[in-house]
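Student: Sharing the record's features from TrEMBL:
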DOMAIN    2-145  domain 'SPX'
TRANSMEM  253-271  transmembrane segment
TRANSMEM  283-306  transmembrane segment
TRANSMEM  318-335  transmembrane segment
TRANSMEM  341-359  transmembrane segment
TRANSMEM  380-402  transmembrane segment
TRANSMEM  414-432  transmembrane segment
TRANSMEM  517-543  transmembrane segment
TRANSMEM  549-568  transmembrane segment
TRANSMEM  580-599  transmembrane segment
TRANSMEM  679-700  transmembrane segment
Amino acid sequence: MVAFGKKLRESQIQEWQGYYINYKLMKKKVKRYTEQIEVRTQNHHFVLKDFSRLLDYQIEKIVLFLLEKQGLLAARLSDLGEQHHALTQQSDGSSISELKEAYRAVGQELLRLLFFVEMNAIGIRKILKKFDKRFGCKFTDYYVKTRANHPYSQLRQVFKHVGFGAVVGAISHNLADLQDLQNNQGSYISIYDQPAFSHPDPVIDSIKSAVDRLSNSTNFLHFLGRHAFIMEEELPTPSEDECLEQRYHFMSLLLNLANTFLYMVNTYIIVPTADDYSLSLGAAATVCGVVIGSMAVAQVFSSVYFSAWSNRSYLRPLVFSSIVLFVGNTLYALAYDLNSISVLLIGRLFCGLGSARAVNRRYISDCVPLKLRMQASAGFVSASALGMACGPALACLLQTKFKIYKLTFNEETLPGWLMALAWLVYLLWLWISFREPHCETKENLVPNEANVGQLANVTVENGYTQPLLMKIEAKQQDEDEDQERDDAEEDSQEIHKPVTSIVVAYRLLTPSVKVQLFVYFMLKYAMEIVLAESSVITGYYFIWPISRVAIFLACLGLTVLPVNIIVGKYMTNIFEERQVLLASEIMVCIGILLSFHIFNPYSVPQYVGSALITFVSAEVLEGVNLSLLSRCMSSRLSRGTYNGGLLSTEAGTLARVVADGTITLSGYLGESKLLNSTLLPALLICVSSIIATCCTYNSLY
């Protein structure tokens, strides 16, 4: 593993050497502070003050150089603008081509500057992490809180700068205008009037990707993809990328997404009829909570062994999943004729034991090339959302009753028979079409320390190729090279040492990450309360038939994608994610409060409106929450069996288990008190999450 200090030296632009963070000096300072504290020649207060001052100076040096280079780029763009204006008066094909190349040259210079900023941002994060590790304190939290929120913050210039957007806009709209002029179209179409209209240029695409990476701006595809919570530690090395290209198989990816879709259909297809099924077997209607939740109980355990199994294979766990789900749904359907609530619950437990969502996530993370991974992640989330909507919709269509021999087919058993058939067909398709990847697994590949080191020579598509970062030809002699290598090995062991249990993984979580997982637990709890008890509540208060309950649940599921379009394209680019997070939590709380039955009569508009507010707000909260989690979690949780995706899955699954258990326990109080008795713990959990978020608000960056 290459130490960051060495990689920083090798990746520096030679003429900008003096303006990078002096990572070597900062490391020496941290080491010296440690020695001074040990021999008690200095106290912690002096160390914190001196290190803060030194880091402030380093950041100021970076920012002032950044502003200087931005000014030079602006001056170049101003000169090119005058030439552009002259060309509009007298069109000259060769001059237009030269001017376009000049604009591209500015774009390439801007790209170099973006990589400069990215290297320094990585250096700042690493030195803060090293300081926290050596002194066992939360200096990073203190430093970010005090610097990032100050009106004259220079730290924000490094992590969330604003000057690059104007330069990108100038290059983009001028290239589009020159292309229009070169084609002699005779009409001016502004990219500001029509945002979809822009001249496609690989340099612009590269710049936009780099700016998004630094500023954490997003779009619908990225926002939706983050729901999958497929953590990425860094960009792959060329050898890793080549391996991923070999492992990628479109039909296998499609089968992986089909598994996701069918499992979500399987989860929610029984929700509208679970209470009637329980009644027909001699149990109370509120036992539907146990029927629905038993699948989640089994999923708590299946997530772990499927995650471990996916380290060695993808086909075998998917085959096993399909077989177990086929058996589970068959038992679920047979419970009616056997008149056994036990068989019903065993069938649902089998369905939960077949949950291969951990495999679905790992396949996308390990076998899909980086350029397609965000699309695949968005596909994973879309398949889940569509499955959630299709499940109740299918239940609405199964309103019939007939018998074949001694088997009963009605609205209660048909969901089981239909899903058993679906999993059987899927199993055959899987066996015929799925291709097991044979390249070395991602766990065994040696990752790079930082993604920017791979970008020393960036090849721009469609023929535009130019070195953007030049290596230093003569390597500088470093007297601390041995120590740096030792530090690198130590960091490598720390970062990439496999996490051996959930307990070890939990210990790696910072307080802010724990809060985020608690928020995730809260939103899943609130959503499950709304969905799982809907058939009982609507039947008691409004005497809704199964078809109307199914339509209501399907409509809730259909809100997922439109809501994510609005949030991904607009809200997260206008407001900070932590602001959207807190606002969404408050809206969930409002939705829960509006759901309480306080005044008579309890009306349909009150129930539907409050459920919609709760569900939609929880959907918004989920995307923002997982986005923050993916950036705050330890890099050790980006791969392996006990990864960040597994932790989030377990938190959400436990929330569903607790919610479904609450519904069943509250049923003993009677159906008249079911609504308020289930909403009260949801309200308490929601208020607690808001308080916890407010306490760690400034740490969520």
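Note that Cβ sites are derived from N, Cα and C of the backbone, with glycine treated the same way.
Note that TrEMBL annotation is computational and uncurated.
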Student: Let me check one thing: do the transmembrane segment (341-359) and the transmembrane segment (380-402) come into contact, meaning three or more Cβ pairs under 8 Å with sequence separation of at least 6?
Tutor: no
Student: Where, among 253-271, 380-402, 517-543, 679-700, do we find the most CB pairs under 8 A to the transmembrane segment (414-432)?
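Tutor: Most Cβ pairs under 8 Å with the transmembrane segment (414-432) come from 253-271.
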Student: For the transmembrane segment (517-543), could you work out the same-chain residues 6 or more beyond its ends whose Cβ comes under 8 Å from its Cβ atoms?
Tutor: 268, 271-276, 285-286, 288-289, 292-293, 509, 549, 552-553, 556, 581, 585, 588, 591-592, 597, 602, 604, 607, 611, 614-615, 618, 621-622, 625-626, 629, 647-648, 651-652, 654-656, 658-660, 662-663, 667, 671-672, 674-675, 678-679, 682, 685-686, 688-689, 692-693
Student: Taking residues 6+ outside the transmembrane segment (679-700), which of them lie with a CB under 8 Å of any CB in it?
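Tutor: Distal contacts: 141, 144-145, 148-149, 510-512, 515-516, 518-519, 521-522, 525-526, 529, 577-578, 581-582, 585-586, 588-589, 592-593, 595-596, 628, 632, 659, 662.
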Student: For the transmembrane segment (380-402), find every same-chain residue at least 6 residues outside the stretch whose CB is under 8 Å from a CB in it, and list them.
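Tutor: Those are 224-225, 227-228, 230, 257-258, 260-273, 360-361, 364, 408-411, 414-415, 418, 546-547, 549-554, 556-558, 560-561, 564, in sequence order.
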Student: With DSSP as the reference, give the number of residues of the domain 'SPX' (2-145) in helix, strand and coil.
Tutor: 127 helix, 0 strand, 17 coil
